[in-house]
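Student: Pulled these from TrEMBL:
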| type | residues | note |
| --- | --- | --- |
| DOMAIN | A:65-135 | domain 'CP12' |
| DISULFID | A:80-A:89 | disulfide bond |
| REGION | A:113-135 | region 'Disordered' |
| COMPBIAS | A:120-135 | compositional bias 'Basic and acidic residues' |
| DISULFID | A:121-A:130 | disulfide bond |
């Protein structure tokens, strides 16, 4: 059942995939944050006699930056395991912050570049398709 | 126009910086400086028609791509883009009138260097303030510079890029006001002060989609940077001409989503060419809820406050907005009651906010005050240009 659900084929029992944030996947106590409340409700509704397949939320960050972020978090946790107030610990978490910021910028850049009309108009603002009437 | 003559000592070319590349001296802008001779003696009176106006913005969240920058450059007209044909990881943004420089480019230690020494990027030891001062001064005087590039993805210092003096230079980063020499070069300075709760909520929204991140890691990251932040970045607040403080809302009890915000615009009194905005009556204390008979607002409504205060032993005026805008008419209603906005026409603030309604903060005080500060900076720039034109006209008559 689970494999068929992953492919998206509908069987007798309606299957619903619920995108769940990572915290819930790892069984951590979900924190009351805006984006999680509706998901909790969905998961509860889905649980009533239906098969639920959970998949991690899809991040649109380029994979290489995403990997760097993951690695840096692991390294930071290691660095701070010894001494939580050392310079190395702070520097390691600073690196995590820097890479997370870079990842978020990369995500935005991807979103910004995804519209072919916008990209064309950036280079050719005088073209007929790109004319805007502000006044 | 008179021909250009260099009268100040040119910057020495012997600056050896990261990639061990000697910086080129650069060139002067055309028509940049006029020299007048009086009574047979050489007295160099510089009347610069186009000296660069320098704005400093202290913000924690990255460089040049922030919402504030985009709003600011939009007020001046044109969209700011990374320089074409250059390093794709450049942090610089260039539009017709404005160039935005990221102060991370003045890191003296790259990521590996900082890890070895155990310092964060917030630490002054990781930044080259001498180079920052020299280059900002050079650009202000009309000399192009070769500015290093700090690549945020690789964490290395890349070969420099050429920055030509624009009409308006914005330096954005962690330490624009840390060094007193750089501080004196700024014509206007802004500090974006995000409170810890709001910072936490925003970082959760930004990072939760990342694999590897969890609530604990986000929290740990903020906590680990806090000591350096409080020691080196936070004190710059007292030097800023305008502080935009973002706090959790007081209208919704126990709100932790950070969607409704309480934003305070703290404006220093007595700053040259900067007239603080006010509500109804300058200098008095006003508490204002615009929602009522004329204007209907949805939950949780909007609340305004205006009054004089003291901030780090400076006299300031504070305009505060708590709540969010749901509709266009709320925005225009609020705009029509604020004074000293330096708009060129009625509804300009609303128009600018609508132009960027997809930007974060477009429905609350962050977008509103960022837009207003942008208009104030435009007004400051135009005043400087007018002063210079008047000065050169007066000198020409002599």
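Glycine is no exception: its Cβ is also placed from the backbone N, Cα and C atoms.
Remember, TrEMBL labels are computer predictions, not curated facts.
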Student: Using all protein chains in view, find how many other C-beta atoms are within 10 Å of the C-beta of residue A:89 (disulfide bond).
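Tutor: For residue A:89 (disulfide bond), the 10 Å Cβ neighbour count is 23.
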Student: Using a 10 Å cut-off on Cβ-Cβ distances across all protein chains shown, tell me which of the disulfide-bonded residues (A:80, A:121, A:130) has the largest neighbour count.
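Tutor: Of A:80, A:121, A:130, the one with the most crowded Cβ is A:80.
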Student: If one measures from the C-alpha of residue A:130 (disulfide bond) to the C-alpha of residue A:89 (disulfide bond), what distance in angstrom results, rounded to a whole number?
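Tutor: Between the Cα atoms of residue A:130 (disulfide bond) and residue A:89 (disulfide bond), the distance comes to 50 Å.
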Student: Quick one: of the disulfide-bonded residues A:80, A:89, A:121, A:130, which have a CB under 8 A from chain B's CB atoms?
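Tutor: Cβ contacts with B, in sequence order: A:80, A:89.
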Student: Using C-alpha atoms only, work out the spacing between residue A:121 (disulfide bond) and residue A:89 (disulfide bond) and round it to an integer in Å.
Tutor: 46
